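Here the structure comes first, spelled out in structure tokens, and everything after it is commentary.
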Amino acid sequence: MDYLDLGPYSSASGTVRLPGSKSISNRVLLLAALAEGETTITNLLDSDDTRVMLDALGKLGVKLARDGDTCVVTGTRGAFTAKTADLFLGNAGTAVRPLTAALAVNGGDYRVHGVPRMHERPIGDLVDGLRQIGAQIDYELSEGYPPLRIKPATISVDAPIRVRGDVSSQFLTALLMTLPLVKAKDGQAVVEVDGELISKPYVDITIRLMARFGVTVERDGWQRFVVPAGVRYRSPGRIMVEGDASSASYFLAAGALGGGPLRVEGVGRASIQGDVGFANALMQMGANVTMGDDWIDVRGIGHDHGKLEPIDMDFNLIPDAAMTIAVAALFANGTSTLRNIASWRVKETDRIAAMATELRKVGAIVEEGPDYLVVTPPEKLTPNAAIDTYDDHRMAMCFSLVSLGGVPVRINDPKCVGKTFPDYFDRFAALAKA
């Protein structure tokens with residue numbers, strides 16, 4: 001097995017410019033593909049998840065011209081030209097869910113599949129929502145999970161569409177992005193969310209990006225959404241992808257644990273991503289954080305004892321960045337509790353189980369619940385722990401931070417970071433110092 005040995009490091013400082021946001025990159029690619037006109041996307045993330053989206057769009061007949069982190073997309077005016085396609089989407093939830101919805105109303109014959117873990121990640125709530133408007137979608141193996149067969153169908157929106165919100169916000173995102181393409185009574189489609197909507201900031205990203213492409217979604221709280229139906233997305237001409245706020249969390253934590261000063265460029269106060277809220281959680285733990293419109297600075301910890309304060313917080317809004325808090329909790333002077341993180345169970349791996357297992361390897365006492373994690377740090381971190389990453393990019397990036405505790409750590413299968421941040425470890429090594 002491939003592995004990477006890190007540390008021991010005693011400090012971290014410098015400046016890092018973030019790669020483009022995965023969540024924004026894949027949404028913008030699909031919106032540009034469905035729009036009228038040509039869109040130039042800059043700072044597009046180059047990673048496994050964006051590559052599978054680009055490959056799929058190419059197979060669907062979308063004209064794409066890439067040059068570095070810029071991509072020019074010629075829109076299809078609301079309908080993909082390819083009416084049959086076999087689409088492999090890896091383990092990219094940000095690709096498989098919105099594309100499934102767009103394909104369901106495209107009047108073609110499609111197969112959607114991915115890696116084995118993708119076939120364990122739920123999609124049933126989205127399929128149920130699409131079937132309410134007439135979509136013809138069959139499960140190939142297990143009910144509620146990919147692979148999917150999508151067939152031509154007569155689509156009509158005659159009543160509010162109901163969708164569960166408590167498993168993944170991507171089901172709602174997929175419906176919102178697709179409904180402008182279909183005709184509806186009174187020219188509008190209504191989506192009603194059953195249960196508590198998780199990861200609300202990600203839905204906010206969707207709505208803001210749809211507005212950039214000329215479609216305004218109205219919402220009543222987070223339970224009812226009204227979407228103009230039978231309208232065209234229109235290209236904004238140029239759109240820049242802001243830096244990935246989830247990826248920022250590792251460097252911000254490094255600036256706290258390693259003393260800083262460490263500046264992250266590409267996200268800040270003006271960001272549309274909820275994961276910039278990670279900076280507030282870090283401040284609650286005692287880190288010295290300052291923020292500009294598109295940068296965040298961290299300069300160590302503001303306590304004489306040099307340890308973070310423990311945290312007890314609901315992370316429903318920022319589940320991805322919460323993983324970084326779980327590892328930062330190793331450096332706190334007490335027990336931390338991460339609440340409302342049930343969505344971790346259906347991500348790239350069962351992240352609650354994986355995080356508990358790996359935190360114990362470095363000496364933590366961990367209590368794992370259905371939707372929470374309680375982390376008590378050890379007196380001293382266990383050196384030379386071999387961290388398994390479960391083919392999960394965020395596990396690999398989070399646990400790099402252990403090396404800032406003055407102990408060496410081994411990261412197994414480090415290449416899994418290719419999903420969102422292929423050169424993460426090079427960037428981390430440039431900031432960390434022995």
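Numbering starts at 1 and runs along the chain as displayed.
Positions of Cβ are set from backbone N, Cα and C atoms, glycine also.
Taking a C-beta cut-off of under 8 Å and a sequence gap of six or more, D320 (active site, proton acceptor) has these contacts in its own chain: S246, S249, D275, R394. Look at Swiss-Prot and you will find D320 tagged as active site, proton acceptor, backed by sequence analysis.
According to DSSP, R27 (3-phosphoshikimate binding site) sits within a helical segment. The feature 3-phosphoshikimate binding site is assigned by Swiss-Prot to K22, S23, R27, S168, S169, Q170, S199, D320, K347, with sequence analysis given as support.
Annotated phosphoenolpyruvate binding site per Swiss-Prot: K22, G93, R121, Q170, R351, R394, K419, in sequence order. Sequence-distant neighbours of K22 (3-phosphoshikimate binding site) (same chain, six or more apart, CB under 8 Å from its CB) are L45, S47, D49, T50, T94, D244, S246, T420, listed in sequence order.
Checking each of the binding-site residues (R27, S199, K347) against Q170 (phosphoenolpyruvate binding site), the C-alpha distance stays within 10 Å for S199. If you take the Cα of S199 (3-phosphoshikimate binding site) and the Cα of K419 (phosphoenolpyruvate binding site), they are about 20 angstrom apart, rounded to a whole number.
Rounded to the nearest whole angstrom, the C-alpha distance between R351 (phosphoenolpyruvate binding site) and S169 (3-phosphoshikimate binding site) is 17.
Same-chain residues at least 6 positions away in sequence with a Cβ under 8 Å from that of R121 (phosphoenolpyruvate binding site) are, in sequence order, N91, G93, Y145, P146, V346, K347.
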